[in-house]
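A.B. asks: One structure is given below, represented as C-alpha cells, and several questions about it will come after.
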Amino acid sequence: MATLRVDEINKILRERIEQYNRKVGIENIGRVVQVGDGIARIIGLGEIMSGELVEFAEGTRGIALNLESKNVGIVLMGDGLMIQEGSFVKATGRIAQIPVSEAYLGRVINALAKPIDGRGEIVASESRLIESPAPGIISRRSVYEPLQTGLIAIDSMIPIGRGQRELIIGDRQTGKTAVATDTILNQKGQDVICVYVAIGQRASSVAQVVTTFHEEGAMEYTIVVAEMADSPATLQYLAPYTGAALAEYFMYRERHTLIIYDDLSKQAQAYRQMSLLLRRPPGREAYPGDVFYLHSRLLERAAKLNSLLGEGSMTALPIVETQSGDVSAYIPTNVISITDGQIFLSADLFNAGIRPAINVGISVSRVGSAAQIKAMKQVAGKSKLELAQFAELQAFAQFASALDKTSQNQLARGRRLRELLKQSQSNPLPVEEQVATIYTGTRGYLDSLEIEQVKKFLDELRKHLKDTKPQFQEIISSSKTFTEQAETLLKEAIQEQLERFSLQEQT
C-alpha cells in the first residue's frame with residue numbers, strides 16, 4: 001500500500017493556491033425564449049442599449065433593436081440555425097463598429113467589413129462606429145467643386161459637385177448601375193476614393209461590376225461592400241452604413257470620396273422585413289414609421305467639410321428602383337426629398353436606343369452651375385433649354401401636318417443634340433472632350449450631317465483634336481475657361497474634320 005507523503009501534497013496545494021487567480025466580473029446575461037426568421041426574443045437583458053451588439057452561446061452575433069418591458073428583440077447577423085431555446089446570450093456593451101484603414105482599397109468586403117474576395121485578412125488598427133452623427137452646419141461649406149461623371153448629359157446639364165447627394169432613379173434594367181459605375185471609372189487619376197455598396201443583388205451582377213473595375217484599373221481606388229440577395233436582412237440593412245463609415249474615414253483624412261448605394265429600395269425592403277418580424281406597427285406600403293429616418297441619417301453623412309476640418313468631401317449617389325415609372329411611391333418620394341437633386345432614367349428612352357437613358361427634362365441638380373467649371377458653363381448654358389424645347393416641339397410635330405422652316409431647323413438641331421448625348425458603357429469622356437463635343441453641337445456644326453453620321457464624326461473629331469491640337473486640352477485643364485484661343489483651336493479642328501469627313505464620305 002502506497003504511503004501518503006504529506007509534504008508533497010502540501011507543496012502541490014501551495015503551488016495551486018499561489019497560481020489561483022480570482023476573477024470577478026459582471027456580465028449582462030439573458031436567455032433565448034424564441035428564435036426564427038432571423039429574429040430572437042430574449043429575456044433577462046435588463047441593462048442593454050438600443051443598437052448594442054449581443055453574442056449568443058454558439059457564436060452568432062446580433063443587434064438589439066426592440067427594447068420592450070418583458071423581452072428584447074434581437075436581429076441576427078447570421079442564419080442562427082444553431083441557436084436553441086433557453087441558451088445564454090451575453091451583451092457586449094458595444095455598439096456596432098468596423099475596422100477601417102487604407103488597406104481596404106481594392107478589396108471586396110461584406111457588411112461586417114470582413115473580406116469576401118479570397119485574398120486574405122485586412123490589417124486595420126483603427127475602427128469607426130457603423131452609425132455616427134452627420135457633420136453639423138458649422139462643419140460644412142457649400143458645394144463648389146465639380147465631380148465629373150464622364151457622361152456628357154450629366155456633366156453639362158445636371159452637374160454633380162463634391163459633397164452633393166444626387167439620386168439616380170428609374171425602373172429596373174434602365175442603366176442605373178451603369179451610370180454609377182461609369183462615374184467610378186471616371187475618377188481614375190482624380191484622387192477620389194470610391195465606395196460601391198451592393199445591397200441585395202445577384203452575386204453574378206456584383207462579380208460583373210468587380211470584373212469591370214479590375215479591367216479598367218478602378219479597383220486601386222475603390223472598395224466594394226457587397227451583401228447579396230441571399231444574405232440575412234440584417235446585413236443588407238447594415239451594408240450602406242458600413243460603406244458610409246469607410247467613406248467617412250477618408251473624408252476626415254482630407255480626402256475626396258464618392259459612395260454609391262445600389263440600391264436603397266432593397267435596404268428599405270430588408271428593414272421592412274426586420275420591422276414586421278419584430279412586430280413593429282406597419283405604416284404606408286407596410287414600411288415602419290421610421291423608414292424616412294433610415295435613409296435621412298445615412299444620406300446626411302455626405303458632406304463637403306470646411307477648411308478647419310481639411311476640406312474633405314463625401315459625395316453620395318443613392319440608387320432607387322421604381323415600379324413602372326412611379327416616382328410617387330413611398331421610398332422614391334422619401335429619397336427625392338432628402339437628396340440635392342435626381343437623375344431620372346426612362347425605360348422608354350432606353351428602349352428607343354438613347355443610352356444613357358437620362359430624361360434631361362425632369363432631372364435636376366439643386367447645386368446647379370456651382371458644380372461646373374467655367375468652360376462647361378460657357379458652352380452648355382442653354383443646352384438643357386434647347387433640349388426641352390425640342391421635346392415639346394417634337395410632341396407637337398406628331399400632330400402638325402406642316403412646320404415652318406424655323407421649327408424644322410429646331411427639330412433637326414434637337415435630334416443631333418440628343419445624338420451627341422449618347423455614350424457607350426464604360427466609356428466616360430474627360431471634361432475637355434465634353435466641352436468640344438457640346439460646342440460642336442450647340443453651334444450648329446452637326447446640322448449638315450446625317451443623324452447616323454454624328455457619332456462617327458464626333459469620335460473622329462475628338463481623336464483629331466487630341467492628336468493635332470493638344471494645346472486645347474492644356475488650356476481647358478489649366479485655366480478651366482473656354483478662352484478665345486481655345487475657341488479658335490476648336491473651330492480650326494472642326495473645319496478640318498468636316499473637310500476630311502466629307503472627303504471620306506465621297507470616296
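Numbering starts at 1 and runs along the chain as displayed.
Each Cβ is built from the backbone N, Cα and C atoms, and glycine gets one as well.
Look at Swiss-Prot and you will find Gly170, Asp171, Arg172, Gln173, Thr174, Gly175, Lys176, Thr177 tagged as ATP binding site, backed by sequence analysis. Positions annotated as site 'Required for activity' by Swiss-Prot, on the basis of sequence analysis: Ser363.
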A.B. asks: As a test of the contact definition, list every same-chain residue at least 6 positions from Thr174 (ATP binding site) whose Cβ is closer than 8 Å to its Cβ.
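C.D. replies: Residues satisfying the criterion: Leu345, Ser346, Ala347, Phe350, Ala357.
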A.B. asks: What's the CA-CA gap between Gly170 (ATP binding site) and Ser363 (site 'Required for activity') in angstrom, rounded?
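C.D. replies: Between the Cα atoms of Gly170 (ATP binding site) and Ser363 (site 'Required for activity'), the distance comes to 11 Å.
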A.B. asks: Determine which residues of the same chain, besides Gly170, Asp171, Arg172, Gln173, Thr174, Gly175, Lys176, Thr177, have their CB within 8 A of the center of the CB atoms at the recorded ATP site, and list them by sequence.
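C.D. replies: Apart from the listed residues, the neighbours are Glu321, Leu345, Ala347, Phe350, Ala357.
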A.B. asks: Around Gly170 (ATP binding site), how many other C-beta atoms are within 10 angstroms of its C-beta?
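C.D. replies: The Cβ of Gly170 (ATP binding site) has 28 Cβ neighbours within 10 Å.
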A.B. asks: Could you find out if DSSP has Lys176 (ATP binding site) as helix, strand or coil?
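C.D. replies: The residue in question, Lys176 (ATP binding site), is helix (DSSP, three-state).
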A.B. asks: Indicate the candidate from Arg172, Lys176 with the smallest number of other Cβ atoms within 10 Å of its Cβ, considering only these binding-site residues.
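C.D. replies: Ranked by other Cβ atoms within 10 Å, the binding-site residues Arg172, Lys176 bottom out at Arg172.
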A.B. asks: Measuring CB to CB from Thr177 (ATP binding site), give everything in the same chain under 8 Å that is also at least six residues away in sequence.
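C.D. replies: Once residues fewer than 6 apart are set aside, Thr177 (ATP binding site) is near Ser205, Val209, Asp262, Ile319.
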A.B. asks: In whole Å, note down how far the CA of Gly175 (ATP binding site) lies from the CA of Ser363 (site 'Required for activity').
C.D. replies: 15
A.B. asks: Does DSSP put Asp171 (ATP binding site) in a helix, in a strand, or in coil?
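C.D. replies: For Asp171 (ATP binding site) - judged by DSSP and reduced to three states - the answer is coil.
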A.B. asks: Check Ser363 (site 'Required for activity') against DSSP and tell me helix, strand or coil, would you?
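C.D. replies: Its secondary structure by DSSP: coil.
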A.B. asks: Specify the count of other C-beta atoms within 10 Å of the C-beta of Asp171 (ATP binding site).
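C.D. replies: Excluding its own Cβ, the number within 10 Å is 18.
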A.B. asks: Using CB atoms and a 10 A radius, I'd like the single residue among the recorded positions Gln173, Ser363 with the highest neighbour count.
C.D. replies: Ser363
A.B. asks: Can you name the residues of this chain that are 6 or more positions from Gly175 (ATP binding site) yet have a C-beta less than 8 Å from its C-beta?
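C.D. replies: Expected: Leu345, Phe350, Arg355, Pro356, Ala357, Gln425.
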